[in-house]
Number of protein chains: 2
Amino acid sequence: MPEPTSIEIFELGDFQLSTGFTLNNAKLAYRTHGSLNEAKDNAVLFPHFLAGSPDSLEMYIGEGRPFDPRKYFIILPGLFGGGLSSSPSNTSIPFNQGNFPDTHIADDVIAQHRLLTEKFGIQQLKLVLGWSVGALQTYEWAVRFPDMVKRAASIAGAPKPSPWTVLWLRTVIEEPIIADPGWNNGFYTDPQAVQAGLRRVGHGAAMTLPQVGFYRDELWRSIGFSSVDDFVARFWEAFWLPLDPNNLVAQARKTRTADPSGGGDIAEALGRIKAEMFVYAFTGDRMFQPEECKVDSQRIPNAKFEEIGGVSGHLTTFGLTEKDRQVMDEILTKLLTD
Amino acid sequence: MPEPTSIEIFELGDFQLSTGFTLNNAKLAYRTHGSLNEAKDNAVLFPHFLAGSPDSLEMYIGEGRPFDPRKYFIILPGLFGGGLSSSPSNTSIPFNQGNFPDTHIADDVIAQHRLLTEKFGIQQLKLVLGWSVGALQTYEWAVRFPDMVKRAASIAGAPKPSPWTVLWLRTVIEEPIIADPGWNNGFYTDPQAVQAGLRRVGHGAAMTLPQVGFYRDELWRSIGFSSVDDFVARFWEAFWLPLDPNNLVAQARKTRTADPSGGGDIAEALGRIKAEMFVYAFTGDRMFQPEECKVDSQRIPNAKFEEIGGVSGHLTTFGLTEKDRQVMDEILTKLLTD
């Protein structure tokens, strides 16, 4: 078994975005674990969530973990705007920083498709999965390349963001950043000039991501914090502060426009999915509400829906509590049980 | 029956705040409807919510309305910081604008008590009621002056804000305002210099106050809006834009510190209430969650708790839908039915 790779770069050349711009020397960053077998049928694609990175998903990979690299070839791609693939933070003029063009989830999936087919010669994925923005990519994959996805799983996710989630992306992610005087239209000289805004992103996330009752029951105690303010500072502010403000805004805008139907009929688009699909929702997840996830699943020919309670709403995917980690492990392990 | 009065001012003189500062020539604004009877036992005190004013409550008063001025003497006091009573916006140096001292809900209640006793000679209130910050005042009244409150009602409220609500006050109200460059430490020359911040307050409120499902079910359609963005602009931004930024920050900070136990044992404090008390909570109100309101009611010797579903969560008190208005009317009407 090969060691997991460091971040590698797949050169996309002059890559035409769905927004009409062309990114010269566009880059798709990725990391792999395990190796592709001779039949090329053991590939698992695991794209990441907003503000995440390939590294954010490593905890689920390893011997005795849900994704065993002795059996599977696990590919962790980075998002455009995520900081490793082409992003505002690493692109040169004219598309540097505040002038990076909008990208769509479809662009990410098209780039990932090129990596899989051109670099690895993969014809079919054993599994595509992700949560939150990772789930948006999963749906885009299942709709856009139906023959290439054998199995897919959306965890705390949807094909497109709900109207509430669109409001959240604007209010919690974009506005605190772009309202910071240090933002300077995205042309700050140091990302930390926008740190007051990034902290406020953390406050909005702290307010909206935990399940109702989290603060009432003082669940921050059980995960090592001494007060609400301590949890907000050491967990939520600390989570956002290292991230590049332009990259976050790029990811938020991309998330807002995600739509595998391309502005068409979403029910019809989901009806074209050929993958065996698993749709998991968490009780109390306001971002991707179980009622809405269930409707998504009913539009897919071969889908199973499950709502899981007693966990931390959208925050479940962060695996902060023992119960959340256990539920995430169980879900992921089941996905590769034939 | 006398006509309702315009806003009147009760001069409090040099009023010592619980925060240690003295407001010279402090003013308590109020409006009344109806007249005090000879026995002085028909007074209803109805303090207002955050960002409200005495005028916000007029819709419940009138012939054929829950509070009939032919029978009751209804007193609508204004909050310190509300813009009509002493506030950042109307106080002269040294306590003008950004240097207005913090006030507590207890200060409001003490000022109201002086109005009722000194100006009107009222010994006992037939009813004190309010929602949200109006409910904070109601609890403070019932604990601080137990013999003076015959009946009290908290609607979508609590004796003190929950930890989530504290986070909300900071994140949704204070931070968007004080992060606006036009804020200038509270020493703007025109409140509209802070309008970008006030609009963002509206976005946070739009995101957090309606019940889960409001946007999914497109309930904005039924109340006259053509899209989520239209609802956010014409309802939520329009609600906050006319308000003075310093006044809002003053109200948010006051709300955060509300506590009728004065930092002591809240269960013991509520145990001292002598009023017959009604505690109403709305399903889906994240600000004052029914589970929490129920616990409050259980600490009061003579309280009835009721959770009402099928309405608009915390937004119910705004009476935007026919159902919400009907429920509010029913609750208020019952309060004066012996």
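Glycine is no exception: its Cβ is also placed from the backbone N, Cα and C atoms.
A TrEMBL annotation is a machine prediction, not a hand-curated record.
Look at TrEMBL and you will find B:Ser132 tagged as active site, nucleophile. When Cβ atoms from all protein chains are considered, those within 10 Å of B:Ser132 (active site, nucleophile) total 25, not counting its own.
According to TrEMBL, the active site annotation covers B:Asp285 (among others). A sphere of 10 angstroms centred on the C-beta of B:Asp285 (active site) encloses 25 other C-beta atoms.
The active site annotation in TrEMBL covers B:His314 (among others). Counting Cβ atoms from all protein chains shown, B:His314 (active site) has 25 others lying within 10 Å of its own Cβ.
TrEMBL lists B:43-309 with the feature domain 'AB hydrolase-1'.
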Tell me the Cα distance separating B:His314 (active site) from B:Asp285 (active site), rounded to the nearest angstrom.
5
Coarse DSSP state, helix versus strand versus coil, of B:Asp285 (active site):
coil
Given B:Ser132 (active site, nucleophile) and B:His314 (active site), what distance in Å do their CA atoms have, once rounded to a whole number?
8
